[in-house]
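Reading through the structure tokens given below for one structure.
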Amino acid sequence: MLRLLAIETSCDETAVAVVEADAAWPTFAPRQLSSVVASQIDLHAAYGGVVPEVAARRHVETLPFVLESALQQAGLGMAEVDAVAVTCAPGLVGSLLVGLMAAKTLALLYNKPLIGVHHLEGHLFSGFLAAADLRPPCLGLLVSGGHTSLIWMKDYGEYQTMGRTRDDAAGEAFDKVARLLGLGYPGGPQIDRWAQQGDPDRFPLPEGKLDHPYDTSFSGLKTAVLRLVQQLQQEGQELPVADIAASFQACLTRVLTEKAVACAEALGLSTLLVTGGVAANRELRARLLEAGRQKGLRVVIPPPNLCTDNAAMIGAAGLCHWLRGETSPLELGVASRLTLEEIPALYGQGSGGCGQAPTGAAAAVF
């Protein structure tokens with residue numbers, strides 16, 4: 001049994017988790033022993049969005065307590081943990097550095113391997129926590145505040161981006177439209193809540209047609225909502241917030257569903273994995289599950305607490321790399337941008353003297 005401590009501080013959640021998996025391959029079924037998340041939503045709400053410097057400072061203040069809580073919940077000490085995983089890219093540089101410095105310190109103090117993890121790969125691995133029988137190949141629809149991508153997971157650690165946003169990410173579009181409607185931050189849950197009471201067919205909105213079949217563009221949709229709001233205000237009408245929210249949400253979720261299903265079919269894949277904060281949206285989940293039922297496509301959507309940023313998903317990805325004999329050097333840095341295809345750059349000679357491959361059953365794989 002391998003146990004791993006994971007740290008996630010890429011944006012405005014301070015998260016630590018302990019996960020474990022059997023030292024067997026390729027049967028990979030990670031389990032979380034603990035997962036603690038300290039959110040900064042209330043802190044940033046006054047600014048209408050995440051302030052990087054404020055986020056980094058709060059991580060510094062909060063991380064020691066979150067770390068202690070995660071270990072207590074797991075009933076383990078650092079001596080009983082086999083490795084330390086940490087998000088190192090992409091994200092806010094200041095926030096990433098807080099988590100990375102903590103992870104390096106623990107790795108050095110307790111002589112543990114260090115495993116850097118790509119944040120988006122972590123989101124994909126939330127699916128393996130939610131469905132123990134999930135195996136690649138599969139298509140990942142990753143929808144969050146900063147990313148909207150269709151990712152072909154060919155194998156563990158082997159990815160090809162099939163589609164991406166040309167402008168606003170889905171979560172970013174939710175936040176901006178919520179701001180236009182005066183609904184506050186974060187916008188996703190607000191739009192979701194108001195849309196339940198609205199008519200999704202009242203306002204036809206543009207879907208943003210592109211020449212690339214799997215890319216998305218939501219800037220036109222956002223602008224259409226802006227013009228609609230301005231027109232209604234100029235006419236002296238009270239804003240039908242619920243109907244606008246429902247119309248916007250229906251348009252965006254329809255686009256995501258159609259592109260994801262079309263891509264999965266084109267690749268001949270039988271499983272669609274949906275992750276990221278926007279995957280917590282009720283209408284998106286319902287549309288995707290219904291589309292999967294109609295097309296004979298298995299749709300795996302983790303529970304909402306695994307869709308939003310958390311450290312358990314980072315730990316799951318870290319365990320996979322650890323089982324594959326991949327660790328990071330202690331010189332590992334952070335990056336605000338890094339594609340999934342660049343993930344191999346995170347693993348080199350290993351974390352000094354403590355970056356050794358697993359023994360026993362896991363070692364036999366390599």
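Just so it is clear, glycine is given a Cβ too, placed from its N, Cα and C backbone atoms.
In the record from Swiss-Prot, residues Leu142, Val143, Ser144, Gly145, Gly146, Gly188, Asp192, Asn281 bind substrate; the candidate from Asp133, Asp155, Asp175, Asp201 listed for the same site is Asp175.
Sparsest Cβ environment among the binding-site residues His119, His123 (other Cβ atoms counted within 10 Å): His119. Within the set of binding-site residues (Gly146, Gly188), the lowest number of other Cβ atoms found within 10 Å of a Cβ is recorded at Gly146. Listed in chain order, the residues near the Fe cation site other than His119, His123, Asp309 are Glu8, Ser10, Thr87, Leu120, Gly122, Ser144, Gly276, Asn310, Met313, Ile314, each with its Cβ within 8 Å of the site Cβ centroid. Leu142 (substrate binding site) and His123 (Fe cation binding site) are 7 Å apart (CA-CA, integer value).
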